[in-house]
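To keep things clear, I will list the structure first and then write my remarks on it.
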Amino acid sequence: MADFGISAGQFVAVVWDKSSPVEALKGLVDKLQALTGNEGRVSVENIKQLLQSAHKESSFDIILSGLVPGSTTLHSAEILAEIARILRPGGCLFLKEPVETAVDNNSKVKTASKLCSALTLSGLVEVKELQREPLTPEEVQSVREHLGHESDNLLFVQITGKKPNFEVGSSRQLKLSITKKSSPSVKPAVDPAAAKLWTLSANDMEDDSMDLIDSDELLDPEDLKKPDPASLRAASCGEGKKRKACKNCTCGLAEELEKEKSREQMSSQPKSACGNCYLGDAFRCASCPYLGMPAFKPGEKVLLSDSNLHDA
(Lines of atoms letter the chains of each structure in order from A and count residues from 1; the text may use other names and numbers.)
(Lines give C-alpha, C1' and ligand atoms only; values in the text may rest on other atoms or scores of the structure.)
Protein backbone atom coordinates (compact mmCIF):
# COMPACT_ATOMS: atom_id res chain seq x y z
CA MET A 1 0.00 0.00 0.00
CA ALA A 2 1.25 3.49 -0.80
CA ASP A 3 1.74 5.75 2.21
CA PHE A 4 0.15 8.75 0.33
CA GLY A 5 2.70 11.09 1.92
CA ILE A 6 1.20 10.62 5.39
CA SER A 7 3.48 11.56 8.28
CA ALA A 8 3.26 11.52 12.07
CA GLY A 9 0.87 13.99 13.67
CA GLN A 10 -1.43 14.38 10.65
CA PHE A 11 -5.22 14.06 10.70
CA VAL A 12 -6.48 11.55 8.12
CA ALA A 13 -10.04 10.63 7.07
CA VAL A 14 -10.99 7.36 5.36
CA VAL A 15 -14.29 7.42 3.43
CA TRP A 16 -15.96 4.07 2.75
CA ASP A 17 -19.34 2.79 1.53
CA LYS A 18 -21.40 -0.41 1.65
CA SER A 19 -19.22 -2.05 -1.00
CA SER A 20 -16.10 -1.79 1.21
CA PRO A 21 -15.11 -5.15 2.83
CA VAL A 22 -14.93 -4.81 6.61
CA GLU A 23 -11.64 -6.67 7.02
CA ALA A 24 -10.01 -4.62 4.27
CA LEU A 25 -11.23 -1.40 5.92
CA LYS A 26 -9.84 -2.47 9.31
CA GLY A 27 -6.48 -3.39 7.78
CA LEU A 28 -6.19 0.00 6.02
CA VAL A 29 -7.03 1.92 9.20
CA ASP A 30 -4.40 0.00 11.21
CA LYS A 31 -1.70 0.85 8.67
CA LEU A 32 -2.69 4.53 8.66
CA GLN A 33 -2.65 4.74 12.46
CA ALA A 34 0.87 3.37 12.44
CA LEU A 35 1.89 6.22 10.10
CA THR A 36 0.16 9.06 11.99
CA GLY A 37 1.30 7.91 15.43
CA ASN A 38 -0.16 8.96 18.76
CA GLU A 39 -0.14 12.65 17.86
CA GLY A 40 -2.22 12.10 14.73
CA ARG A 41 -5.71 10.77 14.20
CA VAL A 42 -7.48 8.53 11.70
CA SER A 43 -11.25 9.07 11.28
CA VAL A 44 -13.50 6.60 9.46
CA GLU A 45 -16.55 8.08 7.66
CA ASN A 46 -19.35 6.39 5.73
CA ILE A 47 -19.94 8.29 2.49
CA LYS A 48 -23.70 8.45 3.11
CA GLN A 49 -23.16 10.03 6.55
CA LEU A 50 -20.39 12.43 5.56
CA LEU A 51 -22.71 15.38 4.96
CA GLN A 52 -24.50 14.79 8.29
CA SER A 53 -21.25 14.48 10.26
CA ALA A 54 -20.88 18.29 10.24
CA HIS A 55 -17.10 18.34 10.48
CA LYS A 56 -15.52 21.74 11.01
CA GLU A 57 -13.80 23.40 8.09
CA SER A 58 -10.15 22.46 7.58
CA SER A 59 -10.31 19.36 9.79
CA PHE A 60 -8.08 16.94 7.86
CA ASP A 61 -4.67 17.00 6.25
CA ILE A 62 -5.36 14.02 3.97
CA ILE A 63 -8.59 12.29 2.89
CA LEU A 64 -8.68 8.84 1.30
CA SER A 65 -11.95 7.95 -0.44
CA GLY A 66 -12.77 4.74 -2.28
CA LEU A 67 -9.31 3.36 -1.53
CA VAL A 68 -10.43 0.46 0.67
CA PRO A 69 -9.51 -2.64 -1.37
CA GLY A 70 -12.64 -4.03 -3.06
CA SER A 71 -14.62 -0.75 -2.88
CA THR A 72 -16.60 0.53 -5.86
CA THR A 73 -17.42 4.00 -4.53
CA LEU A 74 -19.01 6.73 -6.67
CA HIS A 75 -18.56 10.39 -5.65
CA SER A 76 -21.31 12.95 -6.24
CA ALA A 77 -20.70 16.69 -6.62
CA GLU A 78 -22.04 17.28 -3.08
CA ILE A 79 -19.61 14.74 -1.59
CA LEU A 80 -16.66 16.27 -3.44
CA ALA A 81 -17.63 19.77 -2.27
CA GLU A 82 -17.86 18.55 1.34
CA ILE A 83 -14.46 16.86 1.07
CA ALA A 84 -12.95 20.11 -0.24
CA ARG A 85 -14.54 21.99 2.67
CA ILE A 86 -13.15 19.78 5.46
CA LEU A 87 -9.67 19.60 3.92
CA ARG A 88 -7.10 21.96 5.39
CA PRO A 89 -5.47 24.51 3.07
CA GLY A 90 -2.76 22.61 1.24
CA GLY A 91 -4.34 19.26 2.15
CA CYS A 92 -4.63 16.41 -0.36
CA LEU A 93 -7.41 14.11 -1.51
CA PHE A 94 -6.68 10.64 -2.89
CA LEU A 95 -9.69 9.14 -4.64
CA LYS A 96 -10.41 5.87 -6.43
CA GLU A 97 -13.52 5.28 -8.53
CA PRO A 98 -14.71 3.02 -11.36
CA VAL A 99 -15.04 4.97 -14.63
CA GLU A 100 -16.25 4.34 -18.16
CA THR A 101 -13.75 4.36 -21.00
CA ALA A 102 -16.53 5.20 -23.49
CA VAL A 103 -18.81 8.23 -23.16
CA ASP A 104 -22.33 7.29 -22.09
CA ASN A 105 -24.57 10.22 -21.14
CA ASN A 106 -27.18 7.93 -19.59
CA SER A 107 -24.70 6.17 -17.29
CA LYS A 108 -24.32 7.03 -13.60
CA VAL A 109 -20.63 6.08 -13.93
CA LYS A 110 -18.51 9.02 -15.12
CA THR A 111 -15.55 9.05 -17.45
CA ALA A 112 -12.08 9.87 -16.09
CA SER A 113 -12.11 13.35 -17.65
CA LYS A 114 -15.52 14.17 -16.16
CA LEU A 115 -14.34 12.98 -12.75
CA CYS A 116 -11.30 15.27 -12.95
CA SER A 117 -13.57 18.16 -13.96
CA ALA A 118 -15.84 17.45 -10.98
CA LEU A 119 -12.85 17.64 -8.62
CA THR A 120 -11.80 20.96 -10.12
CA LEU A 121 -15.32 22.38 -9.82
CA SER A 122 -15.40 21.38 -6.15
CA GLY A 123 -12.52 23.78 -5.49
CA LEU A 124 -9.45 21.54 -5.71
CA VAL A 125 -6.34 22.38 -7.71
CA GLU A 126 -3.49 20.38 -9.22
CA VAL A 127 -5.95 17.62 -10.10
CA LYS A 128 -4.20 14.77 -11.89
CA GLU A 129 -4.69 11.12 -12.67
CA LEU A 130 -2.24 8.81 -10.90
CA GLN A 131 -2.99 5.37 -12.33
CA ARG A 132 -5.52 3.12 -14.05
CA GLU A 133 -6.15 -0.54 -13.42
CA PRO A 134 -8.71 -3.08 -14.68
CA LEU A 135 -11.46 -4.45 -12.47
CA THR A 136 -11.23 -7.96 -11.08
CA PRO A 137 -14.20 -10.29 -11.61
CA GLU A 138 -15.16 -9.74 -7.95
CA GLU A 139 -15.12 -5.95 -8.46
CA VAL A 140 -17.21 -6.25 -11.64
CA GLN A 141 -19.73 -8.25 -9.62
CA SER A 142 -19.64 -5.58 -6.87
CA VAL A 143 -20.39 -2.84 -9.42
CA ARG A 144 -23.32 -4.86 -10.70
CA GLU A 145 -24.70 -5.48 -7.18
CA HIS A 146 -24.10 -2.13 -5.46
CA LEU A 147 -24.33 0.31 -8.39
CA GLY A 148 -26.78 -1.56 -10.62
CA HIS A 149 -24.47 -0.92 -13.55
CA GLU A 150 -23.15 -3.41 -16.06
CA SER A 151 -20.59 -2.55 -18.72
CA ASP A 152 -17.60 -4.02 -20.51
CA ASN A 153 -15.82 -0.64 -20.61
CA LEU A 154 -15.09 -0.18 -16.89
CA LEU A 155 -11.76 0.36 -15.17
CA PHE A 156 -10.51 1.87 -11.92
CA VAL A 157 -8.84 5.29 -11.91
CA GLN A 158 -6.96 6.87 -9.02
CA ILE A 159 -6.91 10.67 -8.92
CA THR A 160 -5.41 13.21 -6.53
CA GLY A 161 -6.24 16.84 -5.91
CA LYS A 162 -5.02 19.54 -3.57
CA LYS A 163 -6.86 22.26 -1.69
CA PRO A 164 -5.44 25.77 -2.31
CA ASN A 165 -3.35 27.36 0.43
CA PHE A 166 -6.28 29.54 1.50
CA GLU A 167 -9.84 29.10 2.66
CA VAL A 168 -12.70 29.69 0.26
CA GLY A 169 -14.11 33.16 0.98
CA SER A 170 -11.04 34.33 2.90
CA SER A 171 -9.86 37.91 2.45
CA ARG A 172 -6.67 39.82 3.03
CA GLN A 173 -5.89 43.49 3.09
CA LEU A 174 -3.70 44.65 0.25
CA LYS A 175 -0.85 47.02 1.01
CA LEU A 176 -0.84 49.72 -1.62
CA SER A 177 2.08 52.10 -2.03
CA ILE A 178 0.43 55.44 -2.77
CA THR A 179 2.85 58.17 -3.81
CA LYS A 180 2.11 61.79 -3.02
CA LYS A 181 1.08 63.90 -5.93
CA SER A 182 3.49 66.63 -6.91
CA SER A 183 2.55 70.22 -6.14
CA PRO A 184 0.61 72.00 -8.94
CA SER A 185 3.27 74.72 -9.02
CA VAL A 186 5.97 72.20 -9.92
CA LYS A 187 5.94 71.61 -13.66
CA PRO A 188 7.38 68.41 -15.08
CA ALA A 189 10.71 68.70 -16.81
CA VAL A 190 10.57 68.96 -20.58
CA ASP A 191 12.78 66.71 -22.63
CA PRO A 192 14.71 69.00 -25.03
CA ALA A 193 14.89 66.27 -27.66
CA ALA A 194 11.11 65.78 -27.57
CA ALA A 195 10.50 69.53 -27.71
CA LYS A 196 12.76 69.87 -30.74
CA LEU A 197 10.98 67.01 -32.47
CA TRP A 198 7.59 68.75 -32.26
CA THR A 199 8.81 72.30 -32.99
CA LEU A 200 8.23 73.82 -36.45
CA SER A 201 10.05 77.10 -37.01
CA ALA A 202 9.71 79.73 -39.74
CA ASN A 203 13.00 78.58 -41.25
CA ASP A 204 11.48 75.16 -41.77
CA MET A 205 8.70 76.71 -43.85
CA GLU A 206 11.26 78.18 -46.30
CA ASP A 207 13.25 74.98 -46.52
CA ASP A 208 12.91 73.44 -49.99
CA SER A 209 13.40 69.98 -48.55
CA MET A 210 10.18 70.30 -46.54
CA ASP A 211 7.33 68.60 -48.39
CA LEU A 212 4.21 70.55 -47.39
CA ILE A 213 0.81 69.70 -48.81
CA ASP A 214 -1.37 72.49 -50.21
CA SER A 215 -4.85 71.85 -48.84
CA ASP A 216 -6.46 73.46 -51.93
CA GLU A 217 -4.89 70.80 -54.14
CA LEU A 218 -6.88 68.16 -52.29
CA LEU A 219 -10.15 69.63 -53.63
CA ASP A 220 -11.67 68.62 -56.96
CA PRO A 221 -13.42 71.14 -59.24
CA GLU A 222 -16.72 69.59 -58.21
CA ASP A 223 -15.93 70.38 -54.57
CA LEU A 224 -15.64 74.11 -55.36
CA LYS A 225 -19.05 74.39 -57.05
CA LYS A 226 -21.86 75.94 -55.04
CA PRO A 227 -24.51 73.26 -54.57
CA ASP A 228 -28.05 73.74 -55.85
CA PRO A 229 -30.42 74.17 -52.86
CA ALA A 230 -32.89 71.80 -54.52
CA SER A 231 -30.26 69.04 -54.53
CA LEU A 232 -29.80 69.38 -50.78
CA ARG A 233 -33.40 68.50 -50.04
CA ALA A 234 -34.31 65.09 -48.76
CA ALA A 235 -36.03 62.76 -51.20
CA SER A 236 -39.32 62.89 -49.26
CA CYS A 237 -39.17 66.60 -48.35
CA GLY A 238 -42.22 68.55 -49.62
CA GLU A 239 -43.97 65.53 -51.11
CA GLY A 240 -47.75 65.31 -51.33
CA LYS A 241 -50.49 67.72 -52.32
CA LYS A 242 -49.72 70.00 -49.40
CA ARG A 243 -46.09 70.97 -49.18
CA LYS A 244 -44.78 70.56 -45.66
CA ALA A 245 -41.24 70.87 -44.36
CA CYS A 246 -39.65 68.15 -42.27
CA LYS A 247 -39.00 68.64 -38.58
CA ASN A 248 -35.64 70.41 -38.07
CA CYS A 249 -35.57 71.17 -41.81
CA THR A 250 -32.10 72.10 -43.10
CA CYS A 251 -32.68 72.20 -46.87
CA GLY A 252 -34.37 75.63 -46.92
CA LEU A 253 -37.94 74.49 -47.59
CA ALA A 254 -39.14 75.73 -44.20
CA GLU A 255 -37.85 79.27 -44.92
CA GLU A 256 -39.36 79.15 -48.42
CA LEU A 257 -42.79 78.19 -47.08
CA GLU A 258 -42.56 80.90 -44.42
CA LYS A 259 -41.89 83.55 -47.07
CA GLU A 260 -44.82 82.31 -49.17
CA LYS A 261 -47.07 82.50 -46.11
CA SER A 262 -45.95 86.09 -45.42
CA ARG A 263 -46.65 87.12 -49.02
CA GLU A 264 -50.14 85.60 -48.86
CA GLN A 265 -50.89 87.47 -45.65
CA MET A 266 -49.76 90.76 -47.16
CA SER A 267 -51.84 90.21 -50.29
CA SER A 268 -54.95 89.32 -48.27
CA GLN A 269 -54.90 92.55 -46.22
CA PRO A 270 -57.79 94.91 -47.07
CA LYS A 271 -56.89 98.01 -49.07
CA SER A 272 -58.70 101.30 -49.14
CA ALA A 273 -58.92 103.76 -52.03
CA CYS A 274 -56.74 106.33 -50.31
CA GLY A 275 -54.78 103.95 -48.16
CA ASN A 276 -55.00 106.28 -45.15
CA CYS A 277 -58.09 104.99 -43.32
CA TYR A 278 -56.11 103.37 -40.49
CA LEU A 279 -54.20 106.59 -39.67
CA GLY A 280 -57.15 108.39 -38.08
CA ASP A 281 -59.75 111.08 -38.93
CA ALA A 282 -57.10 113.64 -39.92
CA PHE A 283 -56.16 111.47 -42.90
CA ARG A 284 -59.60 110.11 -43.86
CA CYS A 285 -61.85 111.22 -46.72
CA ALA A 286 -65.16 112.99 -46.09
CA SER A 287 -67.06 109.88 -47.16
CA CYS A 288 -64.85 107.42 -45.21
CA PRO A 289 -66.97 104.94 -43.22
CA TYR A 290 -64.31 104.95 -40.45
CA LEU A 291 -64.83 108.63 -39.56
CA GLY A 292 -65.09 109.09 -35.84
CA MET A 293 -63.29 105.86 -35.06
CA PRO A 294 -59.81 105.71 -33.52
CA ALA A 295 -56.76 104.80 -35.58
CA PHE A 296 -56.04 101.09 -36.06
CA LYS A 297 -53.30 98.87 -37.42
CA PRO A 298 -53.19 97.89 -41.10
CA GLY A 299 -55.06 94.62 -41.63
CA GLU A 300 -56.84 94.83 -38.27
CA LYS A 301 -60.48 93.70 -38.44
CA VAL A 302 -62.84 96.60 -37.69
CA LEU A 303 -66.61 96.11 -37.34
CA LEU A 304 -68.95 98.92 -38.40
CA SER A 305 -72.39 99.34 -36.90
CA ASP A 306 -75.52 99.62 -39.08
CA SER A 307 -75.82 103.32 -38.29
CA ASN A 308 -72.32 103.98 -39.58
CA LEU A 309 -73.07 102.11 -42.78
CA HIS A 310 -76.28 104.13 -43.36
CA ASP A 311 -74.42 107.38 -42.72
CA ALA A 312 -71.77 106.38 -45.20
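Quick reminder: no glycine exception, Cβ is built from N, Cα and C everywhere.
Remember, it's a predicted structure, so these values are computed and weren't measured experimentally.
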Based on the annotations in Swiss-Prot, which residue of SER76, SER113, SER307 is described as phosphoserine?
SER307
Candidates are SER151, SER171, SER209, SER305; I want to know which one Swiss-Prot annotates as phosphoserine.
SER305
From SER53, SER71, SER177, name the one Swiss-Prot lists as phosphoserine.
SER177
Could you let me know which of SER59, SER65, SER215 shows up in Swiss-Prot as phosphoserine?
SER215
Could you tell me which of the ranges 77-80, 285-288, 289-292 is annotated in Swiss-Prot as motif 'Cx2C motif 2'?
285-288
Among SER20, SER183, residue that the record in Swiss-Prot marks as phosphoserine
SER183
So one of SER182, SER262, SER268 should carry the feature phosphoserine according to Swiss-Prot; which one?
SER182
Work through the binding-site residues one by one (CYS246, CYS249) and point out the residue whose CB has the fewest other CB atoms within 10 angstroms.
CYS246
Three-state composition of the region 'Fe-S binding site B' (274-288), taking helix and strand from DSSP:
6 helix, 0 strand, 9 coil
Cα-Cα, whole number of Å: CYS246 ([2Fe-2S] cluster binding site) versus THR136 (phosphothreonine)?
87
Fewest other Cβ within 10 angstroms of its own Cβ, chosen from the recorded positions THR136, CYS251
THR136
Measuring Cα to Cα, tell me the gap between CYS249 ([2Fe-2S] cluster binding site) and THR136 (phosphothreonine) in whole angstrom.
88
